[in-house]
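Participant: This is the structure I want to talk about, given as structure tokens.
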């Protein structure tokens with residue numbers, strides 16, 4: 001253990017440690033005690049503090065690139081044949097009211113789906129409309145190109161005429177239109193708005209097709225391939241990913257309420273209940289957890305269409321009841337529903353399994369409740385990292401939307417033979433056949449990965465800082481023998497915060513970096529495994545499956561162990577002022593010497609606290625479902641593609657906020673237990689500084705264990 005810690009963290013005469021800067025515990029001790037925590041501290045792990053500062057500079061530069069190059073409209077709306085973003089005010093023409101992409105030439109759509117054909121759907125002529133056109137019931141409608149050149153109509157007049165100015169065309173223009181070269185094209189196929197693109201239904205309008213043939217129009221191909229081609233483009237992996245990211249931007253009020261304000265309120269309420277109703281809280285937590293898991297699962301069943309009559313639909317606005325259009329979002333929702341069903345079953349069985357052990361958790365929580373009652377500022381302190389994280393997440397989510405949309409709009413390189421009427425030139429032009437697409441360079445992918453990693457590291461860092469401050473405050477309470485003056489509940493927290501900022505930021509930075517690095521190694525290996533599985537799914541051997549599962553399991557165990565070691569290392573950093581690695585060694589040695597004692601009193605308490613965090617986050621997910629189930633998010637421009645991502649993000653944010661507040665109880669228990677173990681080691685097994693309640697609790701734990709295990 002490297003020697004006793006009593007001289008470092010006990011209440012000893014001022015001569016033992018000097019005065020001035022070393023008395024960082026502040027006042028509040030007795031006249032003979034001087035400072036509560038005193039030690040010749042100095043800055044630790046400075047290299048990692050510099051690395052963390054460099055990381056923040058890189059995060060700002062990386063985000064600036066996204067803000068400069070990105071346009072979140074690209075995540076929702078598509079491009080027309082001129083490279084304009086539908087719905088944008090900055091296009092030529094102004095398209096701020098025209099947000100639905102429509103392919104004008106059905107034959108181009110058909111040919112782009114034919115195997116080995118040189119035409120791609122991205123090069124087919126598409127314009128932006130307010131809504132998908134409908135074939136005429138007793139005639140033939142046309143959709144004409146944006147008015148320009150000799151067509152002297154304003155955009156508003158063009159819209160009011162349902163995009164049809166065929167009667168104004170010259171004979172040459174009409175002949176060109178009958179050859180499907182524009183500027184006007186017939187509306188033959190019905191279409192529906194699927195995520196702001198007009199999905200053709202492979203069922204031609206017989207009346208419209210008959211009129212088209214009577215006018216001398218060329219043959220139009222009728223085939224299910226027209227439907228499949230557009231469906232494939234709309235449901236590509238990149239398109240679905242962009243819609244999921246866009247959902248985050250559209251549902252920002254939901255994230256603020258369900259990911260920020262609601263978990264703040266619920267976490268504070270939970271801490272107050274732990275403070276005043278500690279005996280009932282384990283039972284309330286378990287019952288509430290199961291009720292919330294069942295409720296969230298039922299909402300998934302409703303949106304998956306397996307329960308009730310309110311399933312997720314990919315169509316925006318009215319749709320043909322006889323036409324069923326699926327999408328990846330619906331498949332993902334089905335998968336999430338199955339996962340939630342499994343989670344619900346496991347949660348219920350686990351709750352039954354721990355019922356006999358819940359009695360053991362109550363005395364452990366009593367100790368934390370006692371500490372919170374004495375050091376009341378601990379309930380308020382998590383608000384500080386909460387607001388810091390809130391500001392960071394607002395910046396991070398905004399940068400995320402811009403980074404994911406930061407590709408360049410460039411003309412495609414195509415070798416197709418096509419001709420269309422150019423209104424500006426006043427003739428058929430066969431030179432500009434290529435359309436526009438958003439091109440992403442490899443460095444954008446690297447920037448996005450770094451941005452995601454930065455979020456995880458920053459989150460772990462702020463949580464670690466909060467844990468260290470709480471541990472320092474609780475250690476002051478323990479080693480003062482519980483003799484705390486009226487003003488010290490606030491002074492201990494402030495003093496602990498000062499020690500962190502002055503000496504231990506580098507140690508916290510390396511601890512959070514280690515956990516983040518392991519998490520990302522797991523993420524990268526999982527991505528590689530999925531890619532290899534796609535390449536050789538049929539030949540994946542049993543050995544390969546076993547190796548993959550084993551590696552993931554090992555990394556998961558390492559990750560869990562590191563998080564546990566880190567948490568105890570932060571306690572020793574707060575108490576001793578040592579560097580991260582030295583504190584980890586001290587904490588690990590102390591735990592190994594007292595593994596039975598710590599495990600006996602701590603495991604069930606951690607389970608109850610974990611269930612409490614899940615209760616808060618599940619309630620946030622449930623409320624997010626309720627908010628997203630309103631008309632605002634089910635129609636028009638704010639329609640989200642799926643409630644899955646906003647609900648998951650609300651759950652994650654709720655869990656992080658709950659973790660910030662619940663670690664007051666968690667770190668209080670861990671700090672007091674570690675301090676008790678060290679105290680007992682230094683005094684031949686008889687802890688001298690332990691509060692009476694802690695001694696009673698440990699004796700009660702032994703008795704409860706005998707009762708629960710039976711004769």
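In case you wondered, yes, glycine gets a Cβ from its N, Cα and C as well.
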Participant: Could you tell me which of the ranges 252-273, 406-427, 428-449 is annotated in TrEMBL as transmembrane segment?
Facilitator: 252-273
Participant: Looking at 2-23, 24-45, 46-67, which stretch does TrEMBL describe as transmembrane segment?
Facilitator: 46-67
Participant: Which range wins on Cβ pairs under 8 Å with the transmembrane segment (569-591): 280-302, 333-355, 375-396, 500-525, 603-628?
Facilitator: 500-525
Participant: Would the transmembrane segment (280-302) count as touching the transmembrane segment (457-479), if touching means at least three Cβ pairs under 8 Å and pairs must be 6 or more apart in sequence?
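Facilitator: No, since the transmembrane segment (280-302) and the transmembrane segment (457-479) share fewer than 3 Cβ pairs closer than 8 Å, they do not count as touching.
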Participant: Test of understanding: applying the rule of at least three C-beta pairs under 8 Å (pairs 6 or more apart in sequence), is the transmembrane segment (603-628) touching the transmembrane segment (457-479)?
Facilitator: no
Participant: Answer with yes or no whether the transmembrane segment (603-628) touches the transmembrane segment (375-396) by the criterion of at least three Cβ pairs under 8 A, sequence separation 6 or more.
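Facilitator: Counting Cβ pairs under 8 Å (6 or more apart in sequence), the transmembrane segment (375-396) does not reach the transmembrane segment (603-628), since there are fewer than 3.
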Participant: Excluding the flanking five residues on each side, which residues at least 6 beyond the ends of the transmembrane segment (640-662) place their CB within less than 8 Å of a CB in that stretch?
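Facilitator: Distant contacts of the transmembrane segment (640-662): 195, 240, 243-244, 246-248, 250-251, 254-255, 258-260, 262-264, 266-268, 270-271, 303, 312, 314, 327, 329-330, 332-333, 336, 382, 385-386, 389, 393, 459, 463, 466, 609, 612-614, 616-621, 623-625, 628-629, 633.
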